[in-house]
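Below you'll find the structure, written out as structure tokens, and then a few comments.
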């Protein structure tokens with residue numbers, strides 16, 4: 001008996017559909033493996049790096065409220081005016097190094113890294129001048145005098161960490177773009193093991209308090225930098241992309257800033273809005289309590305942010321490598337894979353925090369008032385975790401001051417802004433033309449190669 005043609009077509013169509021579905025699932029499974037191999041170590045690296053700052057805050061929190069408030073304000077200001085700026089600017093290196101490595105133009109990876117180091121070191125000079133006079137600025141905007149003077153102590157002694165970060169952050173991106181995450185993980189672990197006893201000794205044994213916390217952070221940062229530089233210098237894995245300071249690094253400074261400035265604006269607006277909340281809390285009733293609570297909430301939230309940040313670092317590496325290699329579809333798969341990972345991670349973390357809300361505060365302070373306040377704030381922290389801790393300061397100011405909701409109102413502002421920005425970013429990602437991005441990456445690498453070749457030709461002609 002003959003099988004109707006229509007039935008045969010339906011059967012073939014169903015088989016094609018199943019094959020297509022399996023093929024898609026296989027692609028995402030393979031991408032998940034690739035992403036996880038980078039994301040796992042990078043998440044650990046992000047957590048270990050941030051723990052350096054968290055440990056300092058936790059230890060000074062057991063000294064007294066004034067010390068905690070001073071370090072909180074200082075950490076907020078140094079993040080706003082220094083570290084966030086460096087973190088934002090170095091984001092341009094993720095694009096350039098990742099695409100150069102994906103396009104197999106290995107020499108450019110080292111050139112871009114040198115350019116970033118030079119640029120960030122120059123940015124540090126005006127920043128450290130501001131930090132020296134930071135107490136006057138804090139008093140000018142209405143902060144408590146005793147807290148402002150305590151903040152100045154921390155800011156001055158953390159200046160060495162600023163200059164080490166100007167070199168460290170580009171080196172980390174240099175290794176990350178090549179998926180060399182193991183040295184980052186090993187170095188981070190060694191530094192954390194060094195930092196904990198050092199911080200304890202300087203704060204409690206030598207009674208240095210605020211200065212001890214800042215000094216320990218600076219020394220640990222420099223140790224981390226030294227370990228990574230030694231790896232880059234002597235490892236065979238970095239042989240083809242070795243960092244060396246040449247005239248080419250100065251030629252691409254302009255191109256670096258074209259990517260770095262938009263990245264800095266994006267990172268700084270998000271980071272500044274978080275840190276401004278700490279400054280605003282200093283203007284609330286009972287500023288020592290409100291500032292301490294807001295700082296602990298931000299510490300918890302930012303500690304969580306290291307998890308999606310590590311996953312995002314893997315995504316950045318995968319996407320830029322694939323775009324540089326001219327594979328737009330693979331880049332798209334990487335994006336949606338990492339979004340799924342981040343969603344699962346956020347649900348797990350927020351649920352855990354909620355069930356630990358009554359004991360969470362004891363990790364940061366023995367003050368019962370602070371511990372109880374943290375328990376009240378935890379449900380809001382859980383919401384901000386889900387929306388990735390992005391907020392609008394205007395909403396925070398309105399709720400925090402005109403509605404008399406204090407720290408709780410400020411954090412509601414975080415959640416409101418987070419929802420808005422997360423929605424916008426999701427829509428942008430959904431409608432991105434990945435083929436166009438791959439083409440632009442290819443053109444970008446070609447232009448840089450031509451510029452360097454022209455400069456070398458010009459130099460040879462001058463020598464003749």
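All positions are counted from 1 along the displayed chain.
Glycine is no exception: its Cβ is also placed from the backbone N, Cα and C atoms.
Marked as transmembrane segment by TrEMBL: 38-60 (among others). For the transmembrane segment (38-60), same-chain residues at least 6 beyond its ends with a Cβ under 8 Å from one of its own Cβ atoms are 67-68, 71-72, 75, 172, 176, 179, 181-182, 184-185, 188-189, 191-192, 195-196, 199-200, 203-204, 209-210, 213-214, 216-217, 220-221, 224, 295-296, 299, 302-303, 306-307, 309-311, 313-315, 317-318, 338, 341, 363-364.
The transmembrane segment feature in TrEMBL is assigned to 66-90 (among others).
Residues or ranges marked as transmembrane segment by TrEMBL: 111-134 (among others).
Under the heading transmembrane segment, TrEMBL lists 154-172 (among others). Same-chain residues lying 6+ beyond the ends of the transmembrane segment (154-172) with a Cβ under 8 Å from its Cβ atoms: 45, 70-71, 74-75, 77-78, 82-83, 86-87, 90, 93, 113, 116-117, 120-121, 123-124, 127-128, 131-132, 134, 184, 210-211, 213-215, 217-219, 221-222, 224-225, 228-229, 232, 243.
Feature annotation from TrEMBL assigns transmembrane segment to 184-204 (among others).
Among the features that TrEMBL reports, transmembrane segment is placed at 210-230 (among others).
Here TrEMBL flags 292-312 (among others) as transmembrane segment.
Within the chain, the transmembrane segment (333-355) has long-range Cβ neighbours (under 8 A, six or more residues past its boundaries) at 27-28, 31-32, 34-35, 39, 300, 304, 307-308, 311-312, 314-315, 318-319, 322, 378-379, 381-383, 385-386, 388, 429, 432. Annotation comment: TrEMBL describes 333-355 (among others) as transmembrane segment.
Positions annotated as transmembrane segment by TrEMBL: 370-398 (among others).
The transmembrane segment annotation in TrEMBL covers 410-434 (among others).
Against the transmembrane segment (292-312), the recorded stretches 66-90, 111-134, 184-204, 210-230 differ in Cβ pairs under 8 Å, and the greatest number is found for 66-90. Within its own chain, the transmembrane segment (111-134) has Cβ neighbours under 8 Å at 74, 77-78, 81-82, 85-86, 89-90, 92-93, 96-97, 100, 148, 151-152, 155-156, 158-159, 162-163, 165-167, 169-171, 173-174, 243-246, 248-250, 252-253, 255-257, 260, 452, counting only residues six or more beyond its boundaries.
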